[in-house]
Structure formats: structure tokens, C-alpha cells
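Listed features, source TrEMBL:
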type	residues	note
DOMAIN	117-406	domain 'NADH:quinone oxidoreductase/Mrp antiporter transmembrane'
TRANSMEM	26-44	transmembrane segment
TRANSMEM	64-90	transmembrane segment
TRANSMEM	97-117	transmembrane segment
TRANSMEM	123-141	transmembrane segment
TRANSMEM	199-221	transmembrane segment
TRANSMEM	228-249	transmembrane segment
TRANSMEM	261-284	transmembrane segment
TRANSMEM	291-310	transmembrane segment
TRANSMEM	322-340	transmembrane segment
TRANSMEM	361-382	transmembrane segment
TRANSMEM	394-417	transmembrane segment
TRANSMEM	438-459	transmembrane segment
Amino acid sequence: MIIFPVVGAIFLSIVRFKNDSLSVKIIPLFICSIVLVLNIVLLLKFNYDKSGFQFTQQLIDNLAVGLDGISIVFVSLTTFLFFICSIFILDSKFQKLQPFLSLFLLLEGLIICVFVSLNIIMFYVFFEAVLIPIFFIIGIWGHQDKVYAAFKLFLYTLFGSLLFLVAIIYIYVFTDGVTSIEKLSVILSHKLTINEQKWLWLAFFSSFSIKIPMIPFHTWLPNAHVQAPTIGSVILAGILIKIGGYGFLRFSLPMLPEASIYFSKFIVILSIIALIYTSLIAFAQKNIKKLIAYSSIAHMSFMTAGIFSFSEYGILGSIFQMVSHGLISSALFLSVGMIYDRAHTLDIDKYGGLALSMPKFSFMFIIFSMASVGIPGTSGFIGEFLSILGIFQSLRFVTAFFAIGIILSAVYMLYLCKKIIWGQHSNVMINDITKIELTLLSFLAIFIVFLGLCPHVVLDYLRLPVQQLLVDKFF
């Protein structure tokens, strides 16, 4: 799964094809299809009644890779969304196509490495390495202020990770060279003093909170989304911002449980502020991508609060919310990319009456908007419901704020639909989506509804590792 994208990236950087030819566009589709099939095989062979990591492989020295129920869910999200993006590429036009496709495949390989790493140093290397391809994807193939947005993303996340690196060095010295994530979870949770845990937790937080992003480290995300090409926005919203949540689950909670409890109320308060503030900011936006970007920050607030509720429902809901948001936000950004390619504007006021000129697009966009709101029968409902249930079990007095957040999300998403789908008909004639575009949006819509009706498909993989985390560290 890791080798195929990396080899594909190297191949595309060496062998020259005619620019924008179908033959070169088929290569990432072929590779992403193989990786997705391999992922499905692992899902079918995975035993979710067995604790610990499976399919482990020892690389050089202490470097190892493997999957547990949490990581296999994130790997599955990654392979599926890259497959969707590879379909979108078939119907898209790019300048300097081959370098773009090479970076695209390299990014897939690096992200998979992040989720399968069982070594803290290996995790950090790939955690930082994913910045390189996304930096170039935004900086070269983005829009007007692409260079500014790319550098802002790069510098925010890089500086945030410096404290993470300092923490890793301290851990390496403290444990006499132990780098295994499993071993560190046992050693650090028992041998560190509460003050040491607090300082290390803050170092981890500085990196993961920027990646999500949490307030007040969120300002890089709207700029990055507005300037990024469509595929850049899909990968950014669908996968990359989930790495921060994964970091909390893999490092902060199991390695530093006492510090996690100590800072839990701080995280919940930040989540509430982010939810209300970004929801209000989203409603004030005139740029479609900015509105969806701020809604992403709001939805990730459910995730952070759910993780630090220390309840089974809360953590299950937070992970499900990340998967659900990955699908829904990807669908929304793909949809926006399709109308941008036709009208060349992101101004909400420039659109209107798309229900008449683009009925197929309008139908799909309404499905994704309702899923973002959390309508029952969609994956958005399951993630938010479980997260709120977990928060209610541990912090009942703050549940009302998250209910208000759901209402606000309905307000700005219905406002968006009203303006562009049913608003005053625009003078700009826009053709409806193509068969390829309809196919990939249909894929996403089917999965969003399927997970809303059958959430156990994801939850079955998550229950045991979540229960084990809570029993070992918090009960």
C-alpha cells in the first residue's frame, strides 16, 4: 500500500508523457485503485475482536508498521478519498500535469505512513513530510494568493511541530532510547511525574491543535482552502486535518493520561468557543470555500470535545465524526470545485438558481449540505450524536452549547443552499455536471448515507481499541 504510490510518484517524475493526455491521468487512477483494493483486503482480514496491532512488519532497527482498529479506519478513509480524487483528475485540466500527479501519489504514500507508524520518530518524520507535497500543490497549482497561503500553512504547522520534536527528544533521553509507541504508552503513563506529563502534553498539543486546527491556531486553514486547487482542498479537509485528532488518540491520551485529564476542561472550553465563533464567522462569509472551511473548524470541535470527554461514546463519536467529516467536506469541496471550473468565481452572490441550470449538481449538493447539518440517515448525524452523548455523560452542563452549534450549522448551510440553489437566477449560463463528476459525487453520497444507516461498519473496528484505551489509562 505504501510502495505503490511512492513508486508511481517516482515513475511520473522520470518518464515523460504528453501534457494533459489521458494516458498519464489513468496512472494515478490505476495506482489508487490497487491501493484501495489492498486496503479492502486488509479490512476483510482484520480481526476486530483481537486487541493490539495486526499486520505488523518490522523494518530496519526499531522501525515497525502495523494497524489497529483506529488506524485502519483512517487508512481506509485515505485510500478511498485518493481514489475519488483520481477519478476527478480524469475530467480536470492542469498546467504541469505530471509533477502534480507525482506529488499527489507521493502525498498518499506519506499519509498512509503516518497512520501505520508504530515508532514515534517514524511518525514525526512522516507527520512533517506530508507538508512538502501539499505545500507545492497549493503553492504551484493554487489560485491568486497561493504562495502566501502555502507559506502560511507550512510555517504554522512547522513551528508548531518544533515543540513536538523537543518532546520526542526528551522522551528518547528519559526512556534510554525507547521509540516504540506501544512501549512508550506503558512507560510514560507510569513513570512520568504529573508536571512532566503536563509539559509534554503541551508540546504535543502545540502540534496537534494546529493541524486540526483549533482556535486560536486556525487562521491558516481558510486561506489554504480558498487558494488551494480542488484536490488540495479535498485532501486537506478530508484527511490532513484528521492527523491532529489521530495524534491526540495515539499519543496524548495513552502516553499522558493524567495530563490529558488535567487539561480536558480547557480543551472542551476551546471547542465550545471554536464551535460558536467559527459558526458565526461562516454565516458572514461571501466566499463559498471560506464558509465550508470555517464549518470544518466548527465540526472538528465536536471531535476534540468528544475525545476529551473520556467516555466510550464520546471517543467513538469523535473518530466517526472525523470519518464522516472527511467524506462530507470532500464532497462539498469537490462540488464547489466543479462550479468554480465553470463560472471561475467563489463569490456566493454570483451564483443563483442552479436548481434550474444544474439540477443534477443541485440534488447532490443538497444531500451533502444536509449531511453536514447532521440530518438523521446520514453519517453526519451519527458522529455528532455519539459525540454529544459522550459529552453529556461526562460534562452535562456544556451539552447545550453543542446543541446550539448544530442549530448554527443548519443556519449557514441552509443559507448557502438558498443562495446558490434557489436564489435569484444568475445571468451566467453553467452546464450541469458531467457523467464522471456525477459518478464520483454519487460514490460519496452513497457512502455518506450508508454509514448513516449502518454505522456499525466503522464502529465495529473502533470499539475494542477505544475500550482498551479507556480501561488501561482512565478507569
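For all residues, glycine too, the Cβ spot is worked out from N, Cα and C.
No curator has checked TrEMBL annotations; they are predicted automatically.
Non-local neighbours of the transmembrane segment (97-117) in the same chain are 1-6, 8-10, 12-13, 16-17, 19-20, 24-25, 27-28, 31-32, 35, 65-67, 71, 74-75, 78-79, 82, 85, 89, 123, 126-127, 129-130, 133-134, 136-137, 140-141, 181, 231, 235, 239-240, 243, 246; each lies 6+ residues outside the stretch with a CB under 8 Å from one of its CB atoms. Sequence-distant contacts of the transmembrane segment (394-417) (same chain, six or more residues past either end, CB-CB distance under 8 Å): 265, 268, 272, 275-276, 279-280, 282-283, 288, 291, 295, 298-299, 301-302, 305, 309-311, 314, 348, 365-366, 369-370, 372-374, 384, 387-388. The transmembrane segment (291-310) is not in contact with the transmembrane segment (26-44), judged by fewer than 3 CB-CB distances under 8 Å for residue pairs 6 or more apart in sequence.
At the 8 Å Cβ cutoff, the transmembrane segment (438-459) and the transmembrane segment (64-90) share at least 3 close pairs (sequence separation 6 or more) and count as touching. Across the candidate stretches 26-44, 64-90, 199-221, 228-249, 261-284, the maximum count of CB pairs under 8 A to the transmembrane segment (322-340) is reached by 228-249.
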